C-alpha cells in the first residue's frame with residue numbers, strides 16, 4: 001500500500017510521521033458499524049456498498065469533503081475492506097503529470113480503491129486524463145512528439161476512486177459530477193467524541209473516567225483526530241504526574257499545559273483573533289492580511305483555523321472580509337465591546 005504525508009498545519013493538525021501513523025492507524029474504525037458520528041453518511045454508504053456487492057460490481061466512485069481529521073481516509077479504508085479489495089493511497093500534489101497518474105492506474109487490480117487526498121490540488125491536465133479513467137476505465141496517452149506523435153489507448157482494470165477534499169468549491173464541475181457518491185463530513189458533537197475517546201482508551205489501555213473524556217472531547221475542535229492526539233498527550237501527562245489515571249482534574253491540568261482553552265482554541269487560534277482585534281479593530285479584514293500578520297499561508301488560515309472559529313461563533317465572514325464577533329471579543333479580551 002502506498003501512502004503520502006499530510007501537510008503540516010499546527011500542533012493539533014500535525015504532520016503524521018511514521019511514529020504517529022503507528023499510533024493512529026490501530027485506532028481507526030475498521031467497519032461502518034464502528035464509524036460513529038456521521039449517521040446519515042454511514043447509512044448511505046451501507047446502501048451503496050451493499051448494492052454493489054449484491055450485483056457483483058465494482059463500487060461507484062466516492063467523494064468525501066469536509067475539514068481535516070473527520071474521517072475521510074478512514075472511510076476510504078472501510079470501503080476497501082467492505083469490498084475485500086486493496087487500498088492505494090496518494091495525494092493530488094504528488095501526481096504532477098499524466099505519466100504519474102498512468103503509473104498508478106495501470107498498477108490497480110480489479111476492485112481496488114484508489115484514495116486521492118487533496119484531490120482539489122490535482123493538476124488540471126492530469127485531471128482531464130482522470131475523466132476517461134473514471135468513466136471508461138481507459139487512458140488515451142500520447143507517444144512521442146512532432147510528426148511521430150501518436151495516441152494509444154490503455155485499458156484499465158475497473159477500480160473505485162475515493163477522493164477527499166477540504167475545498168469542495170475548488171473541484172471542477174466535470175470532475176465532481178463523475179462521482180456516484182458524494183458527502184460532506186461535519187464536525188462531531190462532544191458526546192460523540194467522548195464515545196470515540198472511551199473506545200480509544202480501551203484500545204490503548206488508558207484509565208480514564210467519563211467526565212475527563214468529555215472534557216477532552218469539548219476541547220477537540222469537533223475532530224476525532226484531534227481528540228485522539230489530545231488523549232495521547234493527557235495519557236503521557238498522567239503517566240508522569242498522576243499515577244496513570246485520568247480524571248477531570250488531570251485532564252484540565254494537561255490541556256492547560258498545552259494552552260488549549262475550554263473552547264478548544266490553541267495559541268495560534270487565539271493569536272489570530274488577538275491580531276485581528278489589535279491591528280484591524282476586529283475587522284473586517286482580508287484573509288491575505290490575516291495570514292501575513294500571523295505568519296501563515298492563506299490556505300492554512302482558511303482550511304485549519306477559520307472553519308472552527310466560525311463554528312464557535314467567534315469569527316464571521318462578510319462581503320468585506322473576516323470579522324471578530326462579539327463572542328470573539330468576549331472570549332479574547334473579556335468584553336463584547338468593540
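Including glycine, each Cβ sits where the backbone N, Cα and C put it.
Note that TrEMBL annotation is computational and uncurated.
TrEMBL has this to say about the protein:
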REGION    8-188  region 'Large ATPase domain (RuvB-L)'
BINDING   27, 28, 69, 72, 73, 74, 135, 136, 137, 178, 188, 225  ATP binding site
DOMAIN    58-189  domain 'AAA+ ATPase'
BINDING   73  Mg(2+) binding site
REGION    189-259  region 'Small ATPAse domain (RuvB-S)'
REGION    262-338  region 'Head domain (RuvB-H)'
BINDING   317, 322  DNA binding site
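Here the features listed in TrEMBL are painted onto the structure.
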residue: 27; record: ATP binding site; DSSP (3 states): helix
residue: 69; record: ATP binding site; DSSP (3 states): coil
residue: 135; record: ATP binding site; DSSP (3 states): helix
residue: 188; record: ATP binding site; DSSP (3 states): coil
residue: 317; record: DNA binding site; DSSP (3 states): strand
residue: 322; record: DNA binding site; DSSP (3 states): strand
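Residues belonging to the region 'Large ATPase domain (RuvB-L)' (8-188) score a mean pLDDT of 86 in the model. Looking at residue 69 (ATP binding site) and residue 322 (DNA binding site), their Cα atoms lie 24 Å from each other.
When other Cβ atoms within 10 Å of the Cβ of residue 322 (DNA binding site) are tallied across all protein chains shown, the result is 24. Geometry remark: residue 27 (ATP binding site) versus residue 317 (DNA binding site), CA distance 35 Å. Around the Cβ of residue 317 (DNA binding site), 13 further Cβ atoms fall within 10 Å across all displayed protein chains. Within 10 Å of the C-beta of residue 73 (ATP binding site) there are 24 other C-beta atoms, taking all protein chains into account.
Most Cβ neighbours within 10 Å among the binding-site residues 137, 188: this distinction goes to 188. Among the binding-site residues listed (73, 135, 137, 188), 188 has its Cα nearest to the Cα of residue 322 (DNA binding site). When the region 'Head domain (RuvB-H)' (262-338) is classified with DSSP, helix, strand and coil residues number 44 helix, 9 strand, 24 coil.
A simple way to gauge crowding: the CB of residue 69 (ATP binding site) has 27 other CB atoms within 10 angstroms, across all the protein chains here. Counting every protein chain shown, the Cβ of residue 135 (ATP binding site) has 10 other Cβ atoms within 10 Å.
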